[in-house]
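Here is the structure we will look at, set down as structure tokens.
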Amino acid sequence: MATPPAPTPVLEWPDYNTTPTGGDPLTTDLNAPYDKGDLCWMLVSTVLQITPAIGFLYAGMHRRKAAMTMIFQSLFCACAAGIQFWVYGYSLYQSHTSGPFIGDLSKAGLHTVLGYPSLANSDIPDILYACFGFTFVTATAMILAGAMLERGRLGPSMIFLLCWTTFVYYILAYAEWNPSGWLYQLGVLDFAGSGPVHIASGFAALAWAIMLGHRVDPAKESLHARVPHFRPHNSFLIGLGTVFIWFGWFAFNGASTANLSIRSIYIVCNTNLAASGGGLAWVALEYLFTRKFSIIGFCSGIISGLVGITPACGFIPIETAALVGALTSCTCFFTVKYKHLLRVDEGLDIFAIHGVGGFVGDILTGFFASKTVPALDGVSNTYEGGWWNHNWKQMGYQLAAATTCAAWSFVVSIILLFIINKIPGCHIRATEEEELRGLDYKYFSDVEEDLAVLNGYGAPRSGTLTLGVVSGSGSHQDVPVDTGKRD
């Protein structure tokens with residue numbers, strides 16, 4: 001039997017409309033045009049982002065009785081958003097269409113996604129960019145999921161998250177990242193996703209918190225009179241989650257170049273400096289106001305700096321990175337400090353850190369952007385920069401993009417939550433009894449044996465559980481526990 005000839009290296013890509021996969025892999029070597037270093041950089045960066053970091057952070061910030069629910073919700077986001085991304089999500093924002101608002105279903109099921117150069121960057125194949133893009137929508141959904149804090153029902157929240165990614169995330173991602181998108185065409189600078197990721201999730205979290213209402217507090221354990229506020233149950237988890245987030249953010253930002261270049265290295269440096277500046281700025285302000293340090297505040301400052309640098313990391317000079325992180329962190333700090341004025345129970349500060357932080361980051365990008373930094377990748381030499389290079393109109397573009405993302409996400413989220421709440425069996429809030437007992441005890445069998453160590457108070461009396469959900473809070477109210485079958 002004759003040996004078939006070796007695949008022929010691709011010398012010129014065929015027309016996309018006739019051969020969207022790039023060619024037949026049996027006869028054509030689709031790897032030949034790509035630099036193996038670029039492929040390795042992108043694939044490793046994709047893997048580095050798949051950590052449960054956000055789940056750890058948010059679980060630590062919950063009270064003990066609902067921490068497992070947050071871990072479960074994070075895992076759900078990874079699985080369900082991944083299937084949705086495969087079925088139609090990637091096609092909605094990376095299809096080869098000419099419309100300014102949304103893509104089509106030509107790439108549904110990733111059935112035509114293979115070796116053809118990606119629409120976002122011709123240095124990598126479409127299938128690799130799809131893998132990378134999956135981590136973005138997963139992270140965004142995880143950020144938003146924290147808004148159900150201790151009182152949102154799991155089923156309706158899952159429905160909302162999938163609807164939200166469809167009608168908010170993918171529409172904004174198309175607008176900013178698809179070459180046909182209207183914000184892309186306008187000239188908005190958002191390197192790694194401040195608009196679709198942080199601003200959108202932050203303002204959606206605000207909408208979700210408004211629709212859910214305040215948490216109940218019959219034991220008067222809240223640390224604030226106007227809005228329920230409780231101490232997180234595990235600072236170690238918060239610190240661990242922040243370390244993993246910081247670690248993954250290098251890949252999140254650095255690999256958004258879609259190639260390995262000096263610009264990629266520059267971006268990693270900018271990211272680290274902004275996180276450092278943000279953490280130190282928050283700690284300094286907190287000590288100024290309270291004369292004490294806080295690991296939770298330190299972590300919040302680091303994440304605020306990372307949020308602020310996300311749109312800017314590929315555009316601003318390295319000497320301004322720490323300043324961007326510090327300015328964003330300061331803004332987020334005062335938003336958290338005075339958030340009670342809104343009378344909204346958004347206890348994880350998703351709106352303050354991601355919504356407001358992302359908005360500030362977009363504006364600072366327009367101010368500090370330099371036309372020389374993008375050129376470090378060897379090809380992007382057409383940028384005009386921002387105010388840094390006397391390109392005054394860039395600030396207007398940035399403000400328009402940030403406002404659009406915030407308004408669209410907030411309004412659509414309110415509408416989706418209102419509709420879902422009206423569906424029989426899909427009311428979005430748990431009952432008062434379920435909330436007091438704890439969502440973990442409503443949904444999971446894993447916590448049956450954990451009753452003996454709830455909040456470090458020791459084993460509760462038979463038929464009761466301790467509601468002192470903040471270790472050392474001094475509250476030991478007993479609430480009856482249903483020992484029968486749980487729904």
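Including glycine, each Cβ sits where the backbone N, Cα and C put it.
Please treat TrEMBL annotations as automatic predictions, because they have not gone through curation.
According to TrEMBL, the region 'Disordered' annotation covers 1-24.
Marked as transmembrane segment by TrEMBL: 39-59 (among others).
Under the heading domain 'Ammonium transporter AmtB-like', TrEMBL lists 41-443.
Annotation comment: TrEMBL describes 66-88 (among others) as transmembrane segment.
Sequence annotations record features per position, and here TrEMBL assigns transmembrane segment to 127-146 (among others).
Tertiary neighbourhood of the transmembrane segment (158-175): same-chain residues 73, 76-77, 80-81, 84, 89, 92-94, 100-103, 136-137, 140-141, 144-145, 181-184, 193, 195-196, 200, 204, 208, 404-405, 408-409, 412-413, 416-417, 420, 426, 428, selected by CB-CB distance under 8 Å and a gap of 6+ residues from either end. The feature transmembrane segment is assigned by TrEMBL to 158-175 (among others).
The transmembrane segment annotation in TrEMBL covers 195-213 (among others).
Away from its own ends, the transmembrane segment (234-252) comes close to residues 44-46, 48-49, 51-61, 64, 67, 135-136, 139, 192, 268, 271-272, 275, 295-296, 299, 302-303, 306, 310 of its chain (Cβ-Cβ under 8 Å, at least six residues beyond either end). Here TrEMBL flags 234-252 (among others) as transmembrane segment.
What TrEMBL records for 264-285 (among others) is transmembrane segment. Within the chain carrying the transmembrane segment (264-285), a Cβ under 8 angstroms from the stretch's Cβ atoms is held by residues 41, 191, 246, 249-250, 253-257, 293-294, 297-306, 308-309, 312-314, 316, 318, 321-330, 332-333, 373, 376-377, all 6 or more beyond its ends.
A Cβ distance under 8 Å defines the sequence-distant neighbours of the transmembrane segment (292-309), meaning residues of its chain 6+ beyond its ends; these are 57, 61, 194, 198, 232, 235, 238-239, 241-242, 245-246, 249, 253, 270-271, 273-283, 286, 321, 324-329, 331-333, 336, 349, 353-354, 357-358, 360-361, 364. Residues or ranges marked as transmembrane segment in TrEMBL: 292-309 (among others).
Residues or ranges marked as transmembrane segment by TrEMBL: 397-420 (among others).
Long-range contacts of the region 'Disordered' (1-24) within the same chain: residues 30, 32-33, 96, 106-107, 112-117, 125-126, each at least 6 residues beyond the stretch ends and with a Cβ under 8 Å from a Cβ of the stretch. Residue counts for the region 'Disordered' (1-24) under DSSP (helix as H, G, I; strand as E, B; rest coil) come to 0 helix, 2 strand, 22 coil.
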